[in-house]
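First comes the structure, then the notes that go with it.
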Amino acid sequence: MITEGAQAPRLLLPPLLLLLTLPATGSDPVLCFTQYEESSGKCKGLLGGGVSVEDCCLNTAFAYQKRSGGLCQPCRSPRWSLWSTWAPCSVTCSEGSQLRYRRCVGWNGQCSGKVAPGTLEWQLQACEDQQCCPEMGGWSGWGPWEPCSVTCSKGTRTRRRACNHPAPKCGGHCPGQAQESEACDTQQVCPTHGAWATWGPWTPCSASCHGGPHEPKETRSRKCSAPEPSQKPPGKPCPGLAYEQRRCTGLPPCPVAGGWGPWGPVSPCPVTCGLGQTMEQRTCNHPVPQHGGPFCAGDATRTHICNTAVPCPVDGEWDSWGEWSPCIRRNMKSISCQEIPGQQSRGRTCRGRKFDGHRCAGQQQDIRHCYSIQHCPLKGSWSEWSTWGLCMPPCGPNPTRARQRLCTPLLPKYPPTVSMVEGQGEKNVTFWGRPLPRCEELQGQKLVVEEKRPCLHVPACKDPEEEEL
């Protein structure tokens, strides 16, 4: 696998490159992609279909889909994706709950906790978008009618009312309209003046190419009907002409449609391991399109999958650091509960390196100076309440959330640095071990006080990939 910041695999010249659209061998055929986008979980750079997962994942930087639009899985070792954003709160007012998830993605292995690829892990937390819920208001009585909107013929008049009986609260509103209208008649006849309707479309030119026996022309017309002038009382007629004509200008020469030339040679396979993609090209020049003629139909390029049958290098990756060893000092039986600095170490393992990939960068062992407070009785103090934890179980019945106060030890005031060897400077010293803190009893407890609450309006856990189907 190519980790972030690592160089791309070295490309070695193979003894033979195979150009193919090969039938898949081994597992069912999949769609193979050249890139897996960690931020979105989507496959990028479609290489082609009809290949097996094993062939696609010769390059661990690639990714695959079992069907178009399906779940994208990277070819690297499985690990957990980023957490999704929190879903909307299950209620719009008062207290509710919301979910988020992450997925085990990868191939040929398991995520931490022995979880299979494709498995979802959920988190549930309490939420509150708005403290109060909206309360509807009530309308006042209708006000008086306003004057008619016109001075002749028929119009409308309006009356209004206020949303204040009572006023709405917390974003509520009054149902219905704040005003209403009705027809009104002035008993006076208005004159209607004529107005042109919009111009109709231009008629087609008599020819589509220039150079014909007659000069092409186009015409359009309009009607005095928007509205027509009234007779009693008399309205004014429409000003201007009812039609107009013009010459057709700028007509192009008759078009020549383009045609494809022959396909060119197939390009070499661009990779030396895993799958690649070759290309053929052709040119729209047989003939070249002219005078607005249509371009050649179809694609100017076509691609094929090429298989080097060579696995790509896989760089090593460090496991997580192991636990710190006990804090000891050479030639001393025990330094616990004493102002005597010692040393401790932890290690890690470089795993997964194959096919001449890069070795893990960095040290395999980490050493630090320490004071041992293992099983030391120390005076303690109660911490403040922790923040509320996640709702557990996120997908089970009756989830609850909890917070705690802990009896935390007060560490001894030993020197924070030591000089173990003269001339090598000061070294930081870390406290190590599990002390035995002692606090005054709180709510009947000596070490941990816990408070629990139920999570409200809990939504169901649903796979987002299934919701898209």
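Glycine is treated like the rest: Cβ placed from N, Cα and C.
Remember, it's a predicted structure, so these values are computed and weren't measured experimentally.
Among Cys370, Cys376, Cys391, the cysteine that Swiss-Prot records as disulfide-bonded to Cys455 is Cys391. Residue-level annotations in Swiss-Prot identify, among Trp107, Trp263, Trp263 as C-linked glycosylation site. Within the set Cys152, Cys163, Cys170, Cys224, the cysteine that Swiss-Prot bonds to Cys190 via a disulfide is Cys152. In Swiss-Prot, the cysteine linked to Cys163 by a disulfide bond, out of Cys170, Cys174, is Cys174.
Range annotated as region 'Interaction with Complement C3 beta chain' by Swiss-Prot, chosen from 153-161, 351-359: 351-359. When the residues Trp318, Trp382 are compared with Swiss-Prot, the one annotated as C-linked glycosylation site is Trp382.
What Swiss-Prot records as O-linked glycosylation site, among Thr25, Thr92, Thr249, is residue Thr92. Note on Cys238 (disulfide bond): other Cβ atoms within 10 Å of its Cβ, all shown chains, come to 20. When the C-alpha distances from Cys360 (disulfide bond) to the recorded positions Cys56, Trp199, Trp202, Trp382 are tabulated, the minimum falls on Cys56. Counting other Cβ atoms within 10 Å of each Cβ, the lowest count among the disulfide-bonded residues Cys72, Cys104, Cys190, Cys284, Cys407 belongs to Cys190.
The recorded positions recorded for this entry are Cys312, Trp382, Trp385, Trp388, and the Cα of Cys312 lies nearest to that of Trp263 (C-linked glycosylation site). Taking DSSP states H, G and I as helix and E and B as strand, the domain 'TSP type-1 5' (315-377) has 0 helix, 21 strand, 42 coil. Listed in sequence order, the disulfide-bonded residues from Cys224, Cys238, Cys284, Cys350 having a Cα within 10 Å of the Cα of Trp196 (C-linked glycosylation site) are Cys224, Cys238. Cβ neighbours within 10 Å of Cys32 (disulfide bond), excluding its own Cβ and spanning all shown chains: 30.
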